[in-house]
Amino acid sequence: MSKIKLKRAARIILVGAPGVGKGTQAERLMNRFPQLSAVSSGDLLRDNVHNKTPLGLEAEGAMKAGNLVPDDMILRLILDALKAKRWVSTTSSIDDPTPATPSSSPSASFILDGFPRTSVQACKLDSIIPVNLVVSLITPVEIILGRIAGRWVHAPSGRVYNTTFNPPKVAGKDDLTGESLTKRADDDEETWRQRLKKFDETSEPLLEHYEKKGLLWTVKGNSSNEISPQLYTEFEDRFCNPEF
Ligand code: AP5
Ligand code: MG
């Protein structure tokens, strides 16, 4: 696949139901546009759970039950990740954010996968660093449910496989490290339905928040292979075309 250079900074959020393919699309975008990097709020939380940090111990119950973790917890975590990547000033804080004018350099581009998820989180992010594109990914629920059973992950890296769609080269093993793949603790049908319920409750105000700002772009498809080409075209128009 050809690699494409960005001409301006892309600061993107991926929004969509659990299992819609946010992680899959983020990885594909990073392959095609190497200046991009991504932060997944779910991966950050799972790292904390795995490492038994105080935040991880606090978050584990809500995650296993398919509920959202509290806004202030996720905000602390994301702000630290944004600072570590130097995407926001190290003096920024949740209560008193220093709204910086974001760099227009293409190297200051990023994808947020799974954050923000509520309008409270979105308002906080606006004051920390404004995004310039919100992608709403839509796939019918029956199709997504079929995928969840086949998902296997390499927990240390967050790499995602699917037994039918993108199986690992060796069954049960990560392609890069050869380490064992595992199931996510929240990937049974009942928990997935609860995650979907939470998504349905929170996504409407979240998407409205961005629609009012003229940042919302919606893409629909029955599979990631239908969605990716549309996403690439939109991306190239917005961030690689000097005339946009
Ligand atoms: P998070 O990790 O963000 O989970 P999620 O939103 O439920 O989404 P998933 O990661 O399950 O799915 P995805 O859209 O990334 O799909 P994927 O690409 O893997 O959050 C987990 C939990 O953390 C939340 O429940 C909450 O508790 C907490 N949390 C996180 N952020 C929070 C926040 N901001 N505020 C509060 N709490 C927060 O694809 C799914 C599967 O389908 C994969 O196996 C993939 O290989 C496969 N697949 C993809 N495309 C296709 C295709 N075309 N055909 C077949 N299979 C496909
Ligand atoms: Mg994901």
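Heads up, residue numbers simply count up from 1 along the chain you see.
Cβ atoms are placed via backbone N, Cα and C, with glycine included.
Here TrEMBL flags Gly19, Val20, Gly21, Lys22, Gly23, Thr24, Arg151, Val160, Tyr161, Ser224 as GTP binding site. A strand conformation is recorded for Tyr161 (GTP binding site) in the three-state DSSP classification. For Tyr161 (GTP binding site), the number of other Cβ atoms no farther than 10 Å from its own Cβ, over all displayed protein chains, is 20.
Among the features that TrEMBL reports, region 'NMPbind' is placed at 40-69. Same-chain neighbours of the region 'NMPbind' (40-69): 22-23, 26, 76-78, 81, 112-115, 117-118, 155, 158, 184-186, 190-195, 197-198, 202, counting only residues six or more beyond its ends whose CB sits under 8 Å from a CB of the stretch.
Here Arg117 (AMP binding site) comes close to Val15, Ser41, Leu68, Ile74, Phe199, Thr202, Ser203, Leu206: these same-chain residues lie at least six apart in sequence, with C-beta atoms under 8 angstroms from its C-beta. Here TrEMBL flags Ser41, Arg46, Asn67, Leu68, Val69, Gly114, Phe115, Pro116, Arg117, Gln121, Arg184, Arg195 as AMP binding site.
If one looks beyond the region 'LID' (150-187) by at least 6 residues along the same chain, the residues whose Cβ comes under 8 Å of a Cβ in the stretch are 19, 23-24, 27, 40, 43, 46, 49-50, 63-64, 66, 195, 223-224. Here TrEMBL flags 150-187 as region 'LID'.
For the domain 'Adenylate kinase active site lid' (151-186), residue counts in helix, strand and coil come to 0 helix, 12 strand, 24 coil, using DSSP. The domain 'Adenylate kinase active site lid' feature in TrEMBL is assigned to 151-186.
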Ask   = So which of the binding-site residues Gly21, Ser41, Val69, Phe115, Arg117 sit close to ligand 2, that is, with a CB under 6 Å from an atom of it?
value = none
Task = May I ask which residues of the same chain, at least 6 positions away in sequence, place their Cβ under 8 angstroms from the Cβ of Gly23 (GTP binding site)?
result = Ser40, Gly42, Asp43, Asp113, Gly158, Val160
Request  = List those of the binding-site residues Gly19, Arg151, Arg184 whose Cβ lies under 6 Å from any atom of ligand 1, in sequence order, or write none if there are none.
outcome  = Gly19, Arg151
Densest Cβ neighbourhood among Gly19, Gly21 (binding-site residues), 10 Å radius = Gly21
Query = By the DSSP assignment reduced to helix, strand and coil, which category contains Arg117 (AMP binding site)?
reply = coil
Query = In DSSP terms, helix, strand or coil for Asn67 (AMP binding site)?
reply = coil
